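Asker: Can you read through this structure? Questions will come right after.
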Amino acid sequence: MTSNFSQAPLQLCYENVNASCIKTPYSPGLRVLLYMVFGFGAVLAVCGNLLVVISVLHFKQLHSPANFLIASLASADFLVGISVMPFSMVRSIESCWYFGDTFCSLHSCCDAAFCYSSLFHLCFISVDRYIAVTDPLVYPTKFTVSVSGICISISWILPLVYSSAVFYTGISATGIENLVSALNCVGGCQIVVNQDWVLIDFLLFLIPTLVMIILYSKIFLVAKQQAVKIETSISGSKGESSLESHKARVAKRERKAAKTLGVTVVAFMVSWLPYTIDTLIDAFMGFITPAYVYEICCWSAYYNSAMNPLIYAFFYPWFRKAIKLILSGEILKSHSSTMSLFSE
């Protein structure tokens, strides 16, 4: 007796290799669409953040402690776009890892390190904005270039050390050796982390996030009070002193910068919260999340690396002007670094 139903042949990542992972390919049309969407995100992350870095480093008018933090943040997002997203794109769409076990560990380590670096940068930027808004006249003496350098160093060194410890010592797999062995196959790159380290990861996301929420809540409260005070001062006295006028201008500028970077922080939290919650649920409830849901959460987080330059371009006229000068080749001219980017 023959069956009327034909079963689709099982596809493997490596057809002629024992213990190969099973391949679950998408339809050709969907594969093309996904490559376009994911590829666009990677290109945008690379090009957009490269423009931010070039702008801050080239134009002397942008050489400030706060902007150095922004350039360092853009460097982390640039590295996500160039060293993480392209390989994750192939893994997500082909459902196979074709780049070897050694690079799998390196890729996973870089993925975690650069993303935590972004989070640390944003946390320090929140501190910077809090000082700038609450005490704008004293701010230049408190948040100096050396302080900014210390913040940048911490934002890079701690994530790199932590990620290396997690992915290269094997400590994160303690207690789940059987699960790791069951998931191990040729053509896979699934780094499984035990519940303790997933909880640590969650706290590393939650604590800086809470710090940023508290600081920005205080920032906008102070900004509102300043706006009311300035409005009352102007309406009550037409002959405003030059000092008060200067203080009002400085406060207004810092409030605008805080608002822009506040949007950046919100974008980061919205992008990363689904992924963080998903990994927490999977670790404590037995990996119940469907693969496609995990991929959506993962790429939502990746796309955050491409969003910051778009936010800067929308809110910062100086960044739009810098982009024009860079793309037109004007920065190749002598003395271009001293060009004015701000309209007075």
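Even glycines carry a Cβ here, placed using N, Cα and C.
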Asker: Do Swiss-Prot's topology records have C13 and F143 sharing one side of the membrane?
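Answerer: Domain labels do not match for C13 and F143 in Swiss-Prot.
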Asker: State the disulphide partner of C21 as given in Swiss-Prot, choosing from C185, C189, C297.
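Answerer: Its disulfide partner, as Swiss-Prot records it, is C185.
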Asker: For the C-alpha pair, I'd like the distance in angstrom between C185 (disulfide bond) and C96 (disulfide bond), rounded off.
Answerer: 10
Asker: Sequence-remote contacts (6 or more beyond its ends) of the transmembrane segment (103-127), Cβ cut-off under 8 Å?
Answerer: 66, 69-70, 72-73, 76-77, 79-80, 83-84, 87-88, 97, 151-152, 154-156, 158-160, 162-164, 166-168, 189, 191, 204-205, 208-209, 211-212, 215-216, 219, 261, 264-265, 268, 272, 301, 304-305
Asker: Provide the three-state DSSP residue tally for the topological domain 'Cytoplasmic' (315-344): helix first, then strand, then coil.
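Answerer: With helix first, then strand, then coil, the topological domain 'Cytoplasmic' (315-344) has 18 helix, 0 strand, 12 coil.
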Asker: Under an 8 Å Cβ to Cβ limit, what residues of the same chain, 6 or more beyond the ends of the transmembrane segment (292-314), are close to it?
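Answerer: That would be 38, 41-42, 44-45, 48-49, 51-52, 70, 73-74, 76-78, 80-81, 84-85, 88, 92, 115, 118, 260, 263-264, 267-268, 271-272, 274-275, 278, 282, 320, 323.
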Asker: If you measure C21 (disulfide bond) to C189 (disulfide bond) at Cα, how many Å is it?
Answerer: 10
